[in-house]
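Summarising the annotation, TrEMBL assigns region 'Disordered' to 26-64. According to TrEMBL, the feature compositional bias 'Low complexity' maps to 28-38, 45-60. Per TrEMBL, the feature repeat 'PPR' maps to 232-262, 263-297, 298-328, 395-429. Residues or ranges marked as domain 'DYW' in TrEMBL: 610-702.
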């Protein structure tokens, strides 16, 4: 059985489990009579349960009640509902349980939970139907604690739950992670004789799936009568989803193949599970076998491919979806824009933005944030800013991606101004916003400002710093050459520094050629992750920078003995709507010979501008000519050459790289921007570099 964290202070739910049992036992005997729910047809989970009582038959004959009932059902705002409610009170119709139930249901559907609670509390006769409407509304609005609380209140009032009550209480219990209470409810359901209701059965399985109690979920399924299994495809889908969630794909496949009937949801659930477990080939195979595909099917594929790193394929599938005439939903659009952002596919991103405009789609919080993020990460920060400015609904996510955009592009002033505007708008910053602010300060050398933000985050906003925040402060001090302060800071951290935190200090030691501290820090790195290539590469580069070739060779031999390999550098570039990828030393491209010839031409022209290959960036002591060859095969240089061959003069070149750009490539990019009279925008793992007229936006501070 899984272990679950102890529940938060949630009313008296888990305080006295004994009292719960007493309540259940007391309510198992004949209690206050309410109209039998079996007389009424159970609504679908997505519909509004209006409830009923003895007054329903009379209300159907009362034109005024019927009129108010139809008005409530057609209400679109809480204000309208309040006005109708006022008229009901004026006409002394508030005693109608049918109208009161409807008011609670509709106010819940309008997400006005406080109003629904006030209607319920003002009601003198709290019937089964009122409790069901309220519990359902609370659950569907994720007020799980309140939902369980009112279920307990229902028992205290000796109102017996029915098959419409339990599914929503089970969902609330799962949402709170209350395993023990879930088991008690399961026993009560069996005692009440409603365990074979299809809706209750599915809800039981779903609860155990969410609690990751797959043994119980499978047991409930196995003990289900064949009638339940044959009538409820949803029962199978929920269980398949659960098996996929815990990584049991074999059982999921067994269930999928055993299903008496499958709907689109069955295929979508299994494909989604395969994607989440990284089995892309099987997922694509099943997707191709589907006779009918809906927007969820396509979204599952687009999102799954992007989540698994195949961003080009994700974009290809997205545009195929548009070709077959299906309208994407918000998740599809966000997933596609995310894929564009990951590989710098600006042209594809612009096409998606045009789709918004051409189809009159309104930007909401999620799509606006994704669009801003796409433009920022594809190197077009001005377009990101324009989308941000026209977005009416801005939440903390929208503001944070804009601040991040300014920060990674090196515009710390704009990042700070954006932060101040956010504060004036009434939105309080969170931990992510402070990460962006610290990044902006680190890239621009604003050490004191960054330290002020770090202190403000803790003391003014009571936000506890994470390892990422501490690492950024180390980076902030280290970049500025304040290595002793950085070392003291890392030693005084209240949490143990990890590999990345020590790595930030190591990079600073290398940049400022502090060999003694670099050796000390490298010991920490090797203790933390002896197999990580970065530790060896960094140390080797430090020794190479000061000509200590014997030490370089010693580190290289250590790498070989530990079977440590250096991560290959790769770069993406989008040319004429097509994304091309290059790996360091790549000779597999079909135009490799032309690319290397073009690169030689660029280097030759750069030499005339005063460029000299910075061979200190090469790992170990080899002949000078070999060093230049090693530098010449860096992936961003190959991407640059390819772009200059295949784009018209004046076109901005955008490159995305997975590692930090080396000093030699940085120097060559500056020369290339001057020679070609073009702007070259390169995004590495740390930040953006805008090369123009022979200079870089980072001011050589990176």
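Each Cβ is built from the backbone N, Cα and C atoms, and glycine gets one as well.
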Quiz item: Can you give the mean pLDDT for the repeat 'PPR' (395-429), rounded to a whole number?
Solution: 95
Quiz prompt | Same-chain residues near the repeat 'PPR' (232-262), Cβ under 8 Å, at least 6 residues beyond its ends | solution = 198, 201-202, 205-206, 208-209, 212, 214, 217-218, 221, 224, 269-270, 272-274, 276-277, 279
Quiz item: Mind checking how the repeat 'PPR' (232-262) divides into helix, strand and coil residues in DSSP?
Solution: 23 helix, 0 strand, 8 coil
